[in-house]
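Presented below is the structure to which this report refers.
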Amino acid sequence: MIIRSSEPEVKIAVDRDPIKTSFEEWARPGHFSRTIAKGNPDTTTWIWNLHADAHDFDSHTGDLEEISRKVFSAHFGQLSIIFLWLSGMYFHGARFSNYEAWLSDPTHIGPSAQVVWPIVGQEILNGDVGGGFRGIQITSGFFQIWRASGITSELQLYCTAIGALIFASLMLFAGWFHYHKAAPKLAWFQDVESMLNHHLAGLLGLGSLSWAGHQIHVSLPINQFLDAGVDPKEIPLPHEFILNRDLLAQLYPSFAEGATPFFTLNWSKYAEFLSFRGGLDPITGGLWLSDIAHHHLAIAILFLIAGHMYRTNWGIGHGLKDILEAHKGPFTGQGHKGLYEILTTSWHAQLSLNLAMLGSTTIVVAHHMYSMPPYPYLATDYGTQLSLFTHHMWIGGFLIVGAAAHAAIFMVRDYDPTTRYNDLLDRVLRHRDAIISHLNWVCIFLGFHSFGLYIHNDTMSALGRPQDMFSDAAIQLQPIFAQWIQNIHAGAPGVTAPGATTSTSLTWGGGELVAIGGKVALLPIPLGTADFLVHHIHAFTIHVTVLILLKGVLFARSSRLIPDKANLGFRFPCDGPGRGGTCQVSAWDHVFLGLFWMYNSISVVIFHFSWKMQSDVWGTISDQGIVTHITGGNFAQSSITINGWLRDFLWAQASQVIQSYGSSLSAYGLFFLGAHFVWAFSLMFLFSGRGYWQELIESIVWAHNKLKVAPATQPRALSIIQGRAVGVTHYLLGGIATTWAFFLARIIAVG
């Protein structure tokens, strides 16, 4: 770290009017790419390439500054779409929903924000969600977020929707402006210290601070009134709380003292709205809103400090290059030397790192949404709980595969082996054979042993020998490490965390269950032999996914089979004619194969979650305090055999979607059917080769010529890689939509 203050330097960071705005240029298909613009637009292949390469900025130009500007501009377009989407969500809440009714009775009324038009009899889909409202039950969690943020009327949702539209148009304008009018120079994109300072202090610091401010001044008082049963129409409007301190002081007396306790360090005065309670609010079943406000204030302070750590114009603070180059251990050669150059000149390397982090974070979010439900009445809305978990797991899986994809693109396009010697990346590449062969051994070990435990149980069960099965009732395989972690956390309050009154999550154990309106919100989750078995399946599928993706990255440039692989590019079908056995070796193919195993991994996780929660957590509680779970605790006995998974999970729980015809859930029945079809359609692309289709196309074209109806654009069979891409897309889309229909029909019917 350097501490010396010199005169601040002023740099010119933008070019004015670098590229003129031309509608004629935009109208020319493929104008952005040399290859496509020169190509032959008379074939369907050209159309496919147009779509495949439209966003592959590397293939349009080799100029890093131009690529950076395109990416930057595209980000604004992406933000515009996000604002447009959000606006649509809020508009639906304002125009087509029962939000105000739900707000008055969230335990008995389901959230709905979509009403189907009465055409061809499809109004059957508008089921009764309670309170006399007929519509489609939604499971996105928007109602819960809106209540937590203090929205009390549909008018407020309208205003927010209009605001989001204004922001969407602003983002579109910014995307055009920062490409055509004031485009940043390459140096601006590479100024990582400035970027870190602004992102940490601005986005995360001030963002969290403003959210904390909103929660304290608007959300908390409004939620206080709602929890007390005050009619939403009687509650003062948000701006009244902000402008009139006396209103807040009536709810939180310390507000009357203003900032005095802050400056006199008498901070405990603020504990009534910046609390540290832990656990769940017994009225709403969500985390305490005052805990959440406290959390965002603390996070804001951390990030505001972090955003002042890096050296920019004033010659004081950390430099990223120095930190990375100092990062060497006794056994790691040059360590991170050269990493700074990689991350400031290869956006693929940068993106890969960010996708890996974001993907992991997204999966962590999935697990926190049920174990620490952040919004009021979220925990008892089982459909939303299941949807949020499933959604965040899928998103996390895709992001992690994306991380491997861009790591491989970096290796092929941006990695320069001549300048890298003995740094960490080089050392990993030099012992890649050891890494991959060991990982392969681990996959084989995990696969045979985890599956073997199930097969043993199926065999013993089939032969009528329950006493010889691995189960909680016979040969126990208790997950002792997981139980140990649970116990540590359950016992933490008063021992390792003396300030806390309760553990971070009820799932650890130790606490009483929380029930809202006769429904279980959360209770301690027991783990047993069944969980031990399925967790080893998780370990197996995750390790295989990693094996495929990591092999793709480490062998992206070369292998014993194809030493010059880097020259063939990121995606290629085979190493040319005359070299048999070299197909499916490109880095792209590893991403393709990795996607299937990612799908396997996430499927097992969401199946496990869905069944475990229905069996051991979700359910109703009687006046006598007796809990009745949805599937009556059958997970521990049934999920220990493959047959049990098929019979008591897939088949038994599919009854709702299969029998949905003629009811308001029938759309899920149709989706279940249609998505199976989309999935099966993918196999047509995955199981047949290019030549088969070219032959077929030629005879179809002959017939068209005979009838003089041949198109001007020549049809061509998909290339091998395009066929695989279309195949994996439909495979995943069909599989995910099938699961979605199965889960939602089930949980809406029984939850």
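Heads up, the Cβ atoms here are built off N, Cα and C, so glycines get one too.
Positions annotated as [4Fe-4S] cluster binding site by Swiss-Prot: Cys574, Cys583. What Swiss-Prot records for His676 is chlorophyll a' binding site. Per Swiss-Prot, the feature chlorophyll a binding site maps to Met684, Tyr692; the stated evidence is sequence analysis. Residues or ranges marked as phylloquinone binding site in Swiss-Prot (evidence: sequence analysis): Trp693. What Swiss-Prot lists as transmembrane segment is 71-94, 157-180, 196-220, 292-310, 347-370, 386-412, 434-456, 532-550, 590-611, 665-687, 725-745.
Location within the structure of each feature annotated in Swiss-Prot.
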| residue | record | DSSP class |
| --- | --- | --- |
| Cys574 | [4Fe-4S] cluster binding site | coil |
| Cys583 | [4Fe-4S] cluster binding site | coil |
| His676 | chlorophyll a' binding site | helix |
| Met684 | chlorophyll a binding site | helix |
| Tyr692 | chlorophyll a binding site | helix |
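Of all the Cβ atoms in the protein chains shown, 13 others lie within 10 Å of the Cβ of Met684 (chlorophyll a binding site). Among 71-94, 292-310, 725-745, 725-745 has the largest number of CB pairs under 8 A with the transmembrane segment (386-412). Below 8 angstroms of C-beta separation, residues 148-150, 238, 241-242, 248, 251-252, 273-274, 289-290, 292-293, 296-297, 299-301, 303-304, 306-310, 312, 320 of the same chain, each at least six residues beyond the ends of the transmembrane segment (196-220), sit close to that stretch. Counting only same-chain residues six or more apart in sequence, the Cβ atoms lying under 8 angstroms from the Cβ of Cys583 ([4Fe-4S] cluster binding site) belong to Pro573, Cys574, Ile720.
Remote same-chain partners of the transmembrane segment (532-550), defined as residues 6 or more beyond its termini with a Cβ less than 8 Å from a stretch Cβ, comprise 400-401, 404, 435-436, 439-440, 442-443, 446-447, 449-451, 453-454, 457, 470, 477-479, 482, 590-591, 593-594, 597-598, 600-601, 604-605, 608, 639-640. Below 8 angstroms of C-beta separation, residues 370, 386, 389-390, 393-394, 396-398, 400-401, 404-405, 408, 534, 537-538, 541-542, 544-545, 548-549, 551-553, 584, 631, 635, 639, 645, 649, 653, 724-725, 728, 731-732, 735, 739, 743, 747 of the same chain, each at least six residues beyond the ends of the transmembrane segment (590-611), sit close to that stretch. Neighbour density for Tyr692 (chlorophyll a binding site): within 10 A of its CB lie 11 other CB atoms from the protein chains shown. Around Trp693 (phylloquinone binding site), the C-beta neighbours below 8 angstroms that are at least 6 residues distant in the chain are Ala717, Leu718, Gly723. The Cβ neighbour count for His676 (chlorophyll a' binding site), using a 10 Å radius over every protein chain in view, is 15. For Met684 (chlorophyll a binding site) paired with His676 (chlorophyll a' binding site), the C-alpha to C-alpha distance reads 13 Å.
Tyr692 (chlorophyll a binding site) sits 25 Å from His676 (chlorophyll a' binding site), taking the CA atoms of both as reference points.
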